[in-house]
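Below is one structure, written out as structure tokens, with a few remarks after it.
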Amino acid sequence: MSILASIQRQVTPIHPEGYPFIGGFAVATLVLSWLWSPLGWLGLMATLWCAYFFRDPARLTPLDESIVISPADGIVSSVGYHMPPPELGLGAEPMQRISVFMSVFDCHVNRAPVTGRVTKIVYRPGLFLNADLDKASMDNERNGLVIENNNGRFGVVQIAGLVARRIVCFAEKGDHLTTGERFGLIRFGSRLDVYMPEGVRPLVGVGAKAVAGETILADRQTDKPRPAFRYG
């Protein structure tokens, strides 16, 4: 392995969505430094924080079709049965839902919780309430995906929050996503909801720490061999 490749493996990459923001903070830092050097230090701290926010670390993802992986870094804020957003067309009955709240200090790159085909993507404008509130699922700006596989249909909803005002979704209808694959990003604090079909059993509780692409949120099977993993 070359020295450059070794360094690249040690340094956490920055997601391209963050480049304009980091560049803006860097320019502001130069201007502030020219005006008054102490302000330049504040600008430098803000620039470093922005780079930290848009970090995009590689993850070790379990490869098992029966499990559901966390789509986001953060804290599990809700586990239970809730009505899915009507625009997703997932039916008129409550579904098992697990919500992960992301603070401004969490990595905000979103990853697919399951492998499957994206059959629907629907954006809905809305409010910008605290994303940790239960009513934020229906009242806030959101972007929902339906992912279908042999286990059924899963709803994945990106929800904007008080600070987050920009939902980014890289996936398109018809795409085939693999578990842990990057599909979106929400800027500056938000939440991800995962709606699961019957037979999928939650394995986490409220307050649990979740890591996108790694933490197993739920499982369809109880007795099975240890899954393989993918790093990326």
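Even glycines carry a Cβ here, placed using N, Cα and C.
Summarising the annotation, Swiss-Prot assigns active site, schiff-base intermediate with substrate to Ser190. Under the three-state DSSP scheme, Ser190 (active site, schiff-base intermediate with substrate) falls in the strand class.
Residues or ranges marked as pyruvic acid (Ser) in Swiss-Prot (evidence: sequence analysis): Ser190. Neighbours of Ser190 (active site, schiff-base intermediate with substrate), defined as other CB atoms within 10 A of its CB across all chains, total 33.
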